[in-house]
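Peer 1: Swiss-Prot feature annotations, pasted as is:
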- ASP528, ASP532: Mg(2+) 1 binding site (BINDING)
- ASP528, ASP532: Mg(2+) 2 binding site (BINDING)
- ASN672, GLU680: Mg(2+) 3 binding site (BINDING)
- 528-532: motif 'DDXXD motif' (MOTIF)
- 1-28: transit peptide (TRANSIT)
Amino acid sequence: MNLSLCIASPLLTKSNRPAALSAIHTASTSHGGQTNPTNLIIDTTKERIQKQFKNVEISVSSYDTAWVAMVPSPNSPKSPCFPECLNWLINNQLNDGSWGLVNHTHNHNHPLLKDSLSSTLACIVALKRWNVGEDQINKGLSFIESNLASATEKSQPSPIGFDIIFPGLLEYAKNLDINLLSKQTDFSLMLHKRELEQKRCHSNEMDGYLAYISEGLGNLYDWNMVKKYQMKNGSVFNSPSATAAAFINHQNPGCLNYLNSLLDKFGNAVPTVYPHDLFIRLSMVDTIERLGISHHFRVEIKNVLDETYRCWVERDEQIFMDVVTCALAFRLLRINGYEVSPDPLAEITNELALKDEYAALETYHASHILYQEDLSSGKQILKSADFLKEIISTDSNRLSKLIHKEVENALKFPINTGLERINTRRNIQLYNVDNTRILKTTYHSSNISNTDYLRLAVEDFYTCQSIYREELKGLERWVVENKLDQLKFARQKTAYCYFSVAATLSSPELSDARISWAKNGILTTVVDDFFDIGGTIDELTNLIQCVEKWNVDVDKDCCSEHVRILFLALKDAICWIGDEAFKWQARDVTSHVIQTWLELMNSMLREAIWTRDAYVPTLNEYMENAYVSFALGPIVKPAIYFVGPKLSEEIVESSEYHNLFKLMSTQGRLLNDIHSFKREFKEGKLNAVALHLSNGESGKVEEEVVEEMMMMIKNKRKELMKLIFEENGSIVPRACKDAFWNMCHVLNFFYANDDGFTGNTILDTVKDIIYNPLVLVNENEEQR
């Protein structure tokens with residue numbers, strides 16, 4: 001199938017592009033002979049992102065600044081310790097009377113009303129505490145009275161601890177003779193809800209949670225409970241508001257030192273959490289990897305991960321007192337080859353932590369990289385899926401719809417599975433530039449999300465698409481030149497074979513690896529059909545003999561035109577690989593590629609003879625041959641000569657290398673046999689399911705056998721994952737190991753619903769990777 005002829009490239013239709021980025025891409029196709037303006041834009045964008053790795057930015061919090069402003073001077077209790085914070089409150093009230101990140105003047109139904117209510121009330125209390133800012137207090141009270149009903153609306157997203165903190169602030173305001181024109185019933189209802197929430201926390205031993213929101217406890221404040229969660233920097237959970245309340249209630253010098261350090265760094269206003277640099281930098285790495293642009297920032301990413309690993313080894317509180325940071329650090333460190341255990345994450349993961357959407361989401365991501373031996377200690381981590389399902393079953397407000405979409409995608413497309421380029425496309429299209437996070441109050445960080453990431457990701461995606469289209473055209477010409485299209489018995493799957501590698505080895509510099517992978521994928525498909533239906537035993541044997549002899553006279557030594565075409569195509573591909581691989585490896589690998597092909601064809605011949613002779617092997621005998629005959633060897637093994645590292649003979653002959661291949665191929669064979677069982681059973685072909693039924697325990701039915709085999713696949717996958725991720729004792733370079741892992745993702749994709757290439761929906765995905773333009777969902781929603 002010539003995909004490029006049957007699909008007109010939609011990239012030529014610029015009206016389909018997102019408006020904000022079409023001008024950038026248009027520039028890349030103009031100004032011939034001059035410096036490409038797009039490259040200049042991209043280089044500038046990359047420089048800005050590189051600088052962000054060094055400079056972490058986080059928005060200031062009016063809520064936390066208000067609590068710091070309430071702190072009395074140790075030397076003069078009737079004076080504020082931080083008058084500069086009071087001045088900031090006076091000068092930073094919004095024109096609707098509120099304080100916070102959102103101005104509600106033109107958007108009265110904005111979903112952050114509860115956050116604005118608690119921030120505004122905290123600021124009012126702080127100003128009243130020191131009898132300043134009467135005008136600001138009155139404007140703030142007017143805002144609260146107009147919006148107080150939102151405090152009890154379930155459809156409004158709640159900051160962490162709102163049901164305890166906001167009623168606590170109301171009590172504080174009442175003690176300061178601040179008169180809110182609210183119904184007594186509403187006030188009583190909130191206090192009752194607060195009491196129930198406090199009882200629930202105490203009964204479930206949620207002291208850590210109560211310490212984090214301790215500024216809302218009022219008369220129930222317990223320093224003996226809170227001080228257990230004081231960190232080395234003097235703070236309570238790195239929270240300025242909780243730390244300020246701790247100093248107000250119990251003049252702890254560590255708390256004051258922390259607050260002084262905050263003001264030294266930030267001036268007259270503070271963020272809602274500090275330090276937060278480690279989490280933010282890890283979020284940068286995660287975002288950049290998800291958007292498919294990590295190849296631009298390898299040095300910066302390595303620096304972040306090295307620093308994170310140092311903190312992990314030293315048991316830094318930034319990691320181990322926060323579930324989200326711990327889960328994110330564990331996942332990124334493990335998949336990048338650092339030796340880390342999930343035990344610290346398991347220790348801090350509890351039911352309360354998983355009720356937070358981001359904590360449950362990150363923990364769920366982490367659950368997919370647990371090894372087999374981790375499962376017993378990681379039971380709480382594995383429960384995260386249940387909490388995510390509960391989250392998306394609840395009514396979503398407008399702000400939570402974005403996180404709900406993330407959750408739905410996480411459950412449908414688990415991290416560390418799926419094809420990299422498909423995931424990248426989905427992540428780009430769903431990317432939210434304005435990624436507001438909610439703790440006790442909302443905050444933004446341009447390091448976590450910004451237009452530069454999106455701009456670079458979109459341009460990089462389109463650049464790769466243009467490369468893919470040219471490579472696919474070249475492959476289609478190669479198929480015709482080698483007469484493979486004339487073999488009527490063979491499936492023509494050029495686009496599918498190329499797609500499988502473009503979706504995994506996507507970087508522009510990996511062109512040789514993609515061509516090698518795709519050519520051998522095309523050839524293994526044709527050869528498989530030849531050994532299956534297209535050739536006689538004599539022809540199959542003759543083809544093997546020609547490859548063994550190598551330097552043959554095709555007119556004399558090939559017994560048929562089919563053998564002639566196949567041998568010449570094989571020789572052309574293998575010689576090309578040998579010549580190109582020499583440039584990468586500085587040695588001749590042709591003999592290894594030939595040997596890989598011979599191993600495959602001999603295994604296929606063995607199966608053909610078994611079928612001819614009606615021989616039924618044992619299940620073990622079948623599998624020892626079938627993992628080779630599944631035909632992944634010629635696809636993956638030659639391709640890894642082109643991914644970067646040099647591979648010695650010692651490496652390619654090592655037990656580690658062989659185990660990688662066997663684990664990958666066994667998964668593929670089992671998936672294939674499960675999905676093709678009914679068809680192959682009717683055709684009388686050998687199949688692992690059929691052999692399992694005939695050789696296994698009596699009375700077992702197909703469903704039981706398939707369930708056992710799926711569990712075997714799952715275990716093999718975890719075993720392979722461990723081999724891929726772990727570096728201790730490994731001699732196979734990580735980039736090479738990743739090729740085996742990528743092929744597993746390819747197999748899962750092709751066999752998700754159908755038997756290999758037969759899926760009707762796969763063509764649309766092929767188009768998405770090679771041809772179709774991106775559709776930026778969030779941008780389109782904003783335009784509407």
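Each Cβ is built from the backbone N, Cα and C atoms, and glycine gets one as well.
Help me understand the surroundings of these features in the structure.
Peer 2: DSSP classifies ASP528 (Mg(2+) 1 binding site) as helix under the three-state reduction. With a cut-off of 8 Å between CB atoms and residues at least 6 apart in sequence, the same chain places MET604, ALA631 near ASP528 (Mg(2+) 1 binding site), listed in sequence order.
GLU680 (Mg(2+) 3 binding site) has a Cβ environment of 18 other Cβ atoms inside 10 Å.
Sequence-distant contacts of the motif 'DDXXD motif' (528-532) (same chain, at least 6 residues past either end, Cβ-Cβ under 8 Å): 487, 489-491, 539-540, 543, 562, 566, 601, 604-605, 607-608, 631.
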Peer 1: Measure the Cβ-based neighbour count of ASN672 (Mg(2+) 3 binding site), defined as the other Cβ atoms within 10 Å of its Cβ.
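Peer 2: Around ASN672 (Mg(2+) 3 binding site), other Cβ atoms within 10 Å: 20.
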Peer 1: I need the CA-to-CA distance for ASP532 (Mg(2+) 1 binding site) versus GLU680 (Mg(2+) 3 binding site), whole Å please.
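Peer 2: ASP532 (Mg(2+) 1 binding site) and GLU680 (Mg(2+) 3 binding site) have their Cα atoms 12 Å apart.
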Peer 1: I'd like the number of other C-beta atoms within 10 A of the C-beta of ASP532 (Mg(2+) 1 binding site), please.
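Peer 2: A 10 Å sphere around the Cβ of ASP532 (Mg(2+) 1 binding site) contains 16 other Cβ atoms.
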